[in-house]
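Below: one structure, written as structure tokens.
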Amino acid sequence: MTPPASPGVLYIVSAPSGAGKTSLVKALLKSDPAIRLSVSHTTRAPRPGESDGRDYHFVARDTFEKMLADGEFLEHAEVYGNFYGTSRGRIGQELDAGRDLLLEIDWQGAEQVKRHFPQSTSIFILPPTFSALRTRLTGRGQDSPEIIERRLAAAAHDVAHAEAFDYIIVNDDFDHALQDLVAITRSIRLEAQRQLKRHAALFGEFRRI
């Protein structure tokens, strides 16, 4: 008889806009195929290089509002006038089957998910300095000066909630920050209770001696 799978890990990664969260998450997923990205729904327009179903499920506002009214979202939030939400979908089923999932959401969403999945692992990404964040946002060339100022003000509010997370990574060097992110995922997998379930047959051999 096949032993029950060890439950998957739900990782929550949050950061202020411009901290490098998306790039770090993409690099992590590339280095560790065992972790799957849970794709969120959003009403905002796709950015250059983004595609529907890979980066986000891009939907119209009325579609999002209907899904929200039908209770289809595990968490949702409004950011800069756009809505974001994580579909309940198969998250529970995926975790029960032993698959690791990653949610790339803001602190408000992280708070909601933690209430439903208290065993999830939350990670907050910090920029090295406030001025570095301003430089990154300006360098993207995507927003007007007014929008950048709004993002910087929101960043200060986001960072005020960092203490609620399990881990905090300062992205002052991309490679080092990625190493820190990978180290967290590896350490979670090596927790004793997870290893006991994952290698139940091995421990069983020694108990029979």
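Here the Cβ of each residue, glycine as well, is placed from N, Cα and C on the backbone.
Feature annotations, reproduced from Swiss-Prot:
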- 8-186: domain 'Guanylate kinase-like' (DOMAIN)
- Ala15, Pro16, Ser17, Gly18, Ala19, Gly20, Lys21, Thr22: ATP binding site (BINDING)
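Mapped onto this structure are the features recorded in Swiss-Prot.
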residue	record	contacts (Cβ under 8 Å, 6+ apart)
Ala15	ATP binding site	Lys21, Phe124, Ile125, Leu126, Asp158, Asn171
Pro16	ATP binding site	Pro127, Leu133, Arg151, Ala154, Ala155, Asp158, Val159
Ser17	ATP binding site	Leu137, Arg151, Ala154, Ala155
Gly18	ATP binding site	Pro127, Leu133, Arg136, Leu137, Arg140, Arg151, Ala155
Ala19	ATP binding site	Ile125, Leu126, Pro127, Leu133, Arg136, Ala155, Asn171
Gly20	ATP binding site	Ile125, Pro127, Arg136, Asn171, Phe174, Ala177
Thr22	ATP binding site	Glu104
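Each of Ile125, Pro127, Asn171 belongs to the same chain as Ala15, Pro16, Ser17, Gly18, Ala19, Gly20, Lys21, Thr22, is absent from that list, and has a C-beta within 8 angstroms of the C-beta centroid marking the ATP site. Other Cβ atoms within 10 Å of the Cβ of Lys21 (ATP binding site), summed over all protein chains shown, number 23.
In three-state terms derived from DSSP, Thr22 (ATP binding site) belongs to a helical segment.
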